[in-house]
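Novice: Sharing a structure below in C-alpha cells format, with a few things to ask.
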C-alpha cells in the first residue's frame, strides 16, 4: 500500500512523502476543463459551512472536480459485524477461510512447503501484479482506459454498455460500501475505477498477510534446550515488534487516509492541504521500512530461519516495488519542475567580446569572454563518488584503485597468523585515527583561518584548485580507512564449521543487515548533501547561510553518528573478535568526537540560530516520553555537553604543540612525495488482409530540413572523379534529410473501413528485412491512428487528427474516398542517433505492414569553421551559438519550459533531473564539433552561451590535434625548428 504521507511544503520527494496540495493537483491533460471548476463547486457547497469543511474535493486529470466520499478501512469493512457485507467481502472472507482450512487439513510434512508457495504467490501478486497495474496506470492510464473502452460504468439505458449485469453488480457493490455522498452514475470514471481496484487490492493484501502468518505457524517451534528466560525474552521482543508494527500501520493510515493507502493519486488528485506528522516524522518510507518490523517479530516468535529468510525476501520485494513503481510516479506527479523565469535580453548588447586578434595564449584569448559562473559554490561536473564516476585518467582514482589492489593483494597472500592480524588491526586503527583526527584538524584549521586554501593561494593557485585537491585527499583517506578495516576484518574472520551451531547463522544475517543499513545510510546522505556537502564544501566556500533539511536529515540531525557506523558493528557481529570490537569502539568514539569538535562548531558559526535542535525522530520520541524520562534525557545531555567542553579545553591547551608537530610532519612528507535492449521478435499474421487494397494506404512525411551545407556533406575528395559531384534531385527523387531531434509530421491515408487499431511505428531501415511483416519491437516509437483504441494514452501522444475523409485519385485515374490523419513524432518517440529510418503503417494492432514511407536520413551537420574568420574570436563564438541553439532546442523537445529561446536563457530545471536531455546534447556536440563532453558539462553550463564558450575553448586547446582543416598555423616544419 502507498505509505507516503502528505507534506505541507517540505521536500516532498527526498523522504518519500507526497506533497499533495491545490497547486499539485492541476489538470495534467492539455485540454481545457470541461466540468465545473473547483470554485463553482465550493460556491454550491458554501450553504452548509460545517458540512463543507468535512468534504474533500478530487480532481481528475482532465480537470473534472468532484466530491470524494468518505470510505472505511479494509479491516473494518471485512471483519466488523456492523459494516454491511456484499459479494466481494464474502468472497475475500471465503478465500481467507480456505487458507486457514488448508493449514488444518494438510499433513505436517507438506504444510511448510505449501504455505511457502502460497505466500510467495500472493507476495508476487502484490509486488509484481499490483506493481504492473500501477505502473501501466501511471504511464498510460491503462486501468481507466480499460474502463472507458468497456463502458462498464455507463448506464445500460443509454445503449452503450454491453454488460448490463456487470453494471448492476458493480453499482450495488460500491453503493452498498459507500452510502454517503456517493452516486455510482455521477462519479467520474477515474474514481469508480479506483474503487474497483481497491477491491482487488483488499483481496491480495489480506491473503498476503494471512498466508504469511499461517506459514509462520507451520514453521513455528521451540529450539531444543532453550531456557525459559530465552523463551520469554524471544516472545516479549517479538510481540513488541508486532505491536510497534501495528502502531505504525494505524498511525500511517490516520495520516494518509484511504486515498494514499490505496494509491489514489495514480487515478486522481485531491484539493486539500494534508498534514505531516506521526510515524512519518520518524523514518523515511515508514510503511516500507519500520512498517515491516512485525515480520521480524513473528520470525522471532516462530524461532525459524525459514520465516526469517522469507521475511527478508518479502521486505526486499517491497523495497523494489517502492523504487520501481512508487518513486517514479511521485517524481512525475509531485516533483514537477517550477516554471522557468524568463529573462529579457537586449539582443543588441548580448555579445560584447573582445574582438582583438588572439596572439597570446588560450587563456588570454578567452579571459574577457568567459562565462560568468557562480563563485559561491563550485559547479560539480566530474564527481568522485560512485562506480560510474571512476575515471582512470584522474590521478585520484588511479591512486585509490592502486591502493585497493595493494590491500587486496596483501590481504589474500599473507597468512592469518597473530603477527599479521596485529599488523592489519594496527593499520586499520592508524587509518581511522588519521581519518578522524588528521582530517578533523585540517577542517578545523580551514574553518578558523582557511589554512588549506591559504597554502594553495601562496603558490598562485585558486580556491577551486584547493577544493579539488582537498576532495582527492579526503576521498583517498576515506577509501583507505574502510579498505584497511575490511582487510582487518577479513584477517580476523574464520569460516564457521557448523552454520547451525548456536547463533552463528543469526549473527551473519544481522551483520549483513547492518552492513546494508550503513550502505543505504551513506547513499541517502550523499543524495541529500551532494558532492559539495559530502566533502564539507561549506568549509571552503562562503555561501549565503541557507540550511535545509531534506532526505534522511528530516529524521536525524547526524545520521552518521549511529546509522553511519552500523556496518562496522555488523562486521563485529560476523567476526566476533575482540580486535574488531576495539576497532568499532575506536571508530565510533572518534566519529562522535569529530562531529562534536569539528562539525558542530563550524555549523554553529556558519548557520547560528537556524540550526535545528531536534530532528523528526527525536521530536516524536520526546512527545511519547513521560516527564520523568524527559528529565533524565536533559541530565544526560548536560553531562555530555560538559564532557565535550572539557575535551575542547584540553585540545585548545595542547594545540600549539600539536600544530608544531603537524606542520613539521607536513613539511617532511611534502618533501618526499556504458545496451542493447533485448529485441522481441513478434510476427502476427492477420487472416482478413484480403479485404484491403494496399494502394489505399500511404505515408508522407514533413520535417525540418537541415542547413544547405549538410545536404552536400556526402560529396568529398575520397570518391572517384565522376562521383565527387552530387546529382541534382527534386520531387520524389530528392533525398529526405531531417534535423536531429526535430519533430516529424506523418500524414497517412487508409481505406474508410480500416481497423481502428492501426498504428504507425518508426524503425531503422536495416532493422527489418521483410517489407510485409515487421519483425522487431518499436520500443515505444509508435502512435495509434485512432483515439481510445489501445489500453494506454501514451500511444495517443502526438496524434493530431484521424479518419478525415479525403478524395484522392489513384494511379489508374480512379477517384476514391479514403480516411486520412496526421500525427507528430517527437521527443521519446524519435531515434536520438544518426541513420536512415522509415515509418511503417501496421494493421489491426498486429505487425502486418500495409504501407512504408520513403526512407529518410537523420543527420547532424558538422560546423563549418571556414565560414567565419578563425582569428576573430567574437565572430567564431557567435557562429557557434547560432549553430548550437536550434540543436539544443531540438534536444529539449522544443518544450518552452526547458528549451532556451536565446543563447543567454538558462535551461529548465528538468534538464538537471533527467539525464537524457544532456546526453542528447553531448551526442550532437560531438558530431558537430568533434569534441566529446560529459553530460554533466551541459548541466553545469546551464545555457547555450556558456556551452559555446566551452566549445570554443576546447577547440583552441585541441587545435594541434584537430583532424579537420584549420585556418591556424600548421605544425612547425624542420625549417622552422632550425
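Just so you know, glycine gets a Cβ as well, placed from its N, Cα and C.
The feature compositional bias 'Polar residues' is assigned by Swiss-Prot to 1-15, 703-713. Feature annotation from Swiss-Prot assigns compositional bias 'Basic and acidic residues' to 714-724. According to Swiss-Prot, the region 'Disordered' annotation covers 1-63, 703-724. The feature topological domain 'Lumenal' is assigned by Swiss-Prot to 1-89, 135-199, 249-281, 326-399, 443-473, 520-564, with sequence analysis given as support. Taken from Swiss-Prot, the feature topological domain 'Cytoplasmic' applies to 221-227, 494-498, 586-978, supported by sequence analysis. The transmembrane segment annotation in Swiss-Prot covers 90-110, 114-134, 200-220, 228-248, 282-302, 305-325, 400-420, 422-442, 474-493, 499-519, 565-585.
How buried are the listed features, and what sits near them?
Specialist: Mean pLDDT of the predicted structure over the topological domain 'Lumenal' (135-199): 88.
If one looks beyond the topological domain 'Cytoplasmic' (221-227) by at least 6 residues along the same chain, the residues whose Cβ comes under 8 Å of a Cβ in the stretch are 234, 302-304.
The helix, strand and coil residue counts that DSSP assigns across the topological domain 'Lumenal' (443-473) are 26 helix, 0 strand, 5 coil.
Assigned with DSSP, the residues of the topological domain 'Cytoplasmic' (494-498) fall into helix, strand and coil as follows: 0 helix, 0 strand, 5 coil.
Remote same-chain residues near the transmembrane segment (114-134) are listed as 99, 102-103, 106, 142-143, 197, 200-201, 204-205, 207-208, 211-212, 214-215, 218, 263, 266, 306, 310, 313-314, 317-318, 320-321, 324-326, 329 (criterion: CB distance under 8 Å, separation of at least six residues from the stretch ends).
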Novice: Let's see if you can do this one: DSSP helix, strand and coil counts over the topological domain 'Lumenal' (520-564), in that order.
Specialist: 27 helix, 0 strand, 18 coil
Novice: Is it the case that the transmembrane segment (474-493) and the transmembrane segment (565-585) touch, counting contact as three or more CB pairs under 8 Å in which the residues of each pair are 6 or more positions apart?
Specialist: yes
Novice: Could you check whether the transmembrane segment (422-442) and the transmembrane segment (565-585) come into contact, where contact means at least 3 Cβ pairs under 8 Å with the two residues of each pair 6 or more apart in sequence?
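Specialist: Since 3 or more Cβ pairs under 8 Å link them, the transmembrane segment (422-442) and the transmembrane segment (565-585) do come into contact.
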Novice: Short question: which residues 6 or more past the ends of the transmembrane segment (400-420) have a Cβ under 8 Å from it?
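Specialist: Cβ under 8 Å, 6 or more out: 390, 392, 475-476, 479-480, 483-484, 486-487, 490-492.
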Novice: Who are the long-range neighbours of the topological domain 'Cytoplasmic' (494-498) in its own chain, taking Cβ under 8 Å and residues 6 or more past its ends?
Specialist: 504
